[in-house]
Amino acid sequence: MTTEETAARRGPGGSAGGPVKGARGGSGSRGGTGGTGGGTGAGALLLRTVRSNMRQYGMLVALALIVVLFQIWTDGNLLKPVNVSNIVQQNSYILILAMGMMIVIISGHIDLSVGSLAAFVGAAAAVLMVHHDMSWPVALTCSLLIGAAAGAWQGFWIAYVGIPSFIVTLAGMLLFRGGTQILLEGQSLAPFPRGFQNISQGFLPEGGPLGNYHDLTVLIGVVVVAFVLFQEWRDRRRQQAYELEVLPLSLFVLKCVAIVAAVLAFTLTLASYRGVPVVLLIMCGILIGLGFVMRNAVVGRHVYALGGNRAAARLSGVKDRRVTFLVFVNMGVLAALAGCVYAARLNAGTPQAGINFELEAIAAAFIGGASMSGGVGTVLGAVIGGLVLGVLNNGMSLVGIGTDYQQVIKGLVLLAAVGFDVWNKRKVGS
């Protein structure tokens, strides 16, 4: 098996619920329930599943514990519908950046410019709409094209000239920060059209027979549940068709019940306030699209291959320059979108936008399972890492912890997450 194939298989398997490979036998050849010692076999299979996804399962458990802790500490205020909606909107731009940053890190690179680029694009959008009276859809399209061009600019120097990504994006951070100051002349520009504000502040429209809940949100929740169950069933059938080891039926049903319960609880919480925020739909679209590309598309497998072993990937026929270039174009577009979301939330383009965004995105990626050596991680993991930071920020603010102590705590969380990853790798290797 080539390194490309190995990395490609390793990458998607990092997501929760990914296929678990193993020998056929004691626990049943396909369903994992037949044969002798079914209980022992099921337990061993569950243990292998958890170990193979240790980092992501660990972060899910950590997120759940953080939620429970602050729910108790805040006397139930954390999970109030209005606060859950605020958490989604307040952290949307960081989650968007984190998904792109995860792919950059998987490929073996880093991008320090995303915060400054987000600020620059937000400033450009403000100038187009406020000074030039451009309609918001056209301004948004131009903003995304600016982000793509900025990503292509940096990708060219990294992929085709060979300058390390750390240096190129550090230069980009300075360049785009200076460009923001030039565009805005040191002042904020506002206001924006209502349609542009709705990118970050808007909700889906109401209408329907349910009096206490947002009808369209409930419908979306039901569709998501049906889609998730179909995906789980299809993945199980596919694993059985290829004679891969699958979870016993009882554990599979338990997993599906847990997923459905979580989705419905989240949906009903949003539906009891104002419904689904528009920005949540945007993030879900990005998550599904990038997740599919990284799991199923050739370019996604090539990204994992480059991060796993660049030299071997080249020998296997991977066009490393082209893949690296596309990774940074994608990051540029997502940074532009994050900048527009942030500007829409503030209803202004401001020179102070984007400060420390790159650090938050990098932290979310590493908390969510990325490895500094590359080749490891999932887009879903980046979202989980971003939610860990977001819930921490929100919970600590609710209980009155100052921003100085918040920074200390987030630093310790990042260190603990990476330390756990190093410890787990050593334990597996020993």
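Each residue, glycine too, has its Cβ placed from N, Cα and C.
According to TrEMBL, the protein carries these features:
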- 1-36: region 'Disordered' (REGION)
- 11-36: compositional bias 'Gly residues' (COMPBIAS)
- 57-74: transmembrane segment (TRANSMEM)
- 86-105: transmembrane segment (TRANSMEM)
- 112-130: transmembrane segment (TRANSMEM)
- 136-153: transmembrane segment (TRANSMEM)
- 158-176: transmembrane segment (TRANSMEM)
- 213-230: transmembrane segment (TRANSMEM)
- 251-270: transmembrane segment (TRANSMEM)
- 276-294: transmembrane segment (TRANSMEM)
- 323-344: transmembrane segment (TRANSMEM)
- 364-392: transmembrane segment (TRANSMEM)
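With a cut-off of 8 Å between Cβ atoms, the residues of this chain six or more beyond the transmembrane segment (57-74) that come close are 16, 50, 367-369, 381, 384-385, 387-388, 391-392, 394-396, 398-399, 417, 420.
Same-chain residues lying 6 or more positions outside the transmembrane segment (276-294) and placing a CB less than 8 Å from one of its CB atoms are 11-12, 15, 85, 88-89, 92, 95-96, 99, 103, 106, 198-200, 202-204, 214, 216-217, 220, 270, 300, 303-304, 330, 334, 337, 341, 378-380, 383.
Across 112-130, 136-153, 213-230, 251-270, 323-344, stretch 323-344 shows the highest tally of CB pairs under 8 A with the transmembrane segment (86-105). Here the transmembrane segment (213-230) has Cβ contacts under 8 Å with residues 203-207, 256, 259-260, 263-264, 266-268, 270-276 of the same chain, all six or more residues outside its ends. Ranked by number of Cβ pairs under 8 Å to the transmembrane segment (136-153), the listed stretches 112-130, 251-270, 323-344 are led by 323-344.
Cβ atoms under 8 Å from those of the transmembrane segment (158-176) belong to residues 104, 109-113, 115-117, 119-120, 150, 320-322, 324-325, 328, 358 of the same chain, restricted to positions at least 6 beyond its ends. If you look at the transmembrane segment (251-270), the same-chain residues 6 or more away from its ends with a CB under 8 A from one of its CBs are 17, 42, 46, 79, 81, 84-85, 213-214, 217-218, 220-221, 224-225, 228-229, 232, 236, 276-277, 280.
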